[in-house]
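Undergrad: The structure under discussion is supplied below as structure tokens; questions concerning it will follow.
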């Protein structure tokens, strides 16, 4: 039993859905006029009986659509309006023969139809001289009076009461009738204005002409008719009720219901971004806004159509200016790009600079390592490791530069045949004499460090002691203990000599200098030959206690 009920409900829903669709084979045109659904020609082709259109052949054999006896010019589904040709009422004065007014009066009644006269698109007009006409229905009357004395007083396109007057109509008007009242029975007026006219007309299509007074042009243009706009609607209920009804007319998924603004009922519109007929299942189609409205597109922008809409985009580097509706250069982007380029350039320069510094430092380190190895530094270190008692140090070039204030000229103690001697102050405030050698023989480079170690082990009271060396430079540097009282030359010949040196003291100095040389030549292992002994290279610890500096064997 339950299954039968479900089947019955399904059948009813199906019948309700197909009842809101045009039947197959329905005629869609009458002559040159399209008859879109929900309208239809013949029974069963319209959504409701009131929207059925008659397609009749006129006297010349041409098919034309009619609502009753009113000809239809076109039907708009999107606006809910139908343009028709409405009859003109005419008054031609009092006929003495019939003793009655010579007039043709029309009345129209759509009260049983889904039509209302559009109050926004129509107006009531009266054309004539000394004429009063009024339009009325039950509970409503509006009148309009037109006067004129001669044709010269008429003005084209003016309908302000001279030869023509107009009046608005209320909304919801479904029927009307026209009547005339002659203000004057003036034979002079009848000579240039034999008849007066009154009608509901479409506001947009009506333009008054003075010829309408002196001729029958207004009446004859559409054969006693004038364009008129009708508003139509579906049913008599609003959207909130209609959407829950099985006969709901808005069939397309992208359609929406809108209440009628002129009387009861509702209309269907395609949703925003769609166009077509919302009353049929596949009637609403996507609008290609990019092709339809080029003027709305921002100047210089590219239009991209989307389903149900569109969007516009400016080319790269440009930004939409809403005031001018155009794509202008994006200043912020330009600034950002320039800033990015500048920052990137600065970073690149910094990277290159840092890489260059690192490269130069590594290169310098490699060069110093190479010099250190060439001067026998590895052999020296091996010897120092094997003999832990050695009091000998290897300094770096940077340490010696710091000690001599980068080998400042003011730090020079003297010049010798093999180099220049500088005074230096080490980190522990110990003064030293640093000899910066001029040249070194390539044959002795590898043994230089080993020989420095031998020289550092010489310990004699009359020999200046070698305490440190630097091997990471092209020509090694030697560091001696500092002798504060200058050289023997300064003692004997110096400008600042203040006392006489006894001969016995000179003999003692010579004896002790010879004792130091004898130690080098005979008692050191291996023997060391000093080849540059002279007063300039003999230093004094005290006035009577000389020491002579030693040099490595000539290279």
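Note that Cβ sites are derived from N, Cα and C of the backbone, with glycine treated the same way.
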Undergrad: If TrEMBL is the reference, give me the range from 333-359, 360-386, 387-413, 414-440 marked as transmembrane segment.
TA: 333-359
Undergrad: Restricting to the same chain and to residues at least six past its boundaries, which positions have a Cβ under 8 Å from a Cβ of the domain 'EGF-like' (286-328)?
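TA: That would be 254, 271-275, 334.
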Undergrad: Please give the average pLDDT for the domain 'Protein kinase' (407-555) in this predicted model.
TA: 71
Undergrad: Under DSSP, is residue 435 (ATP binding site) part of a helix or a strand, or is it coil?
TA: strand
Undergrad: Residues sitting near the transmembrane segment (333-359): Cβ under 8 Å, six or more positions beyond its termini, same chain?
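TA: Tertiary neighbours of the transmembrane segment (333-359) are 317, 319.
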Undergrad: Over the span of the domain 'EGF-like' (286-328), count residues by DSSP class, listing helix, strand and coil in order.
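TA: Helix/strand/coil tally for the domain 'EGF-like' (286-328): 4 helix, 19 strand, 20 coil.
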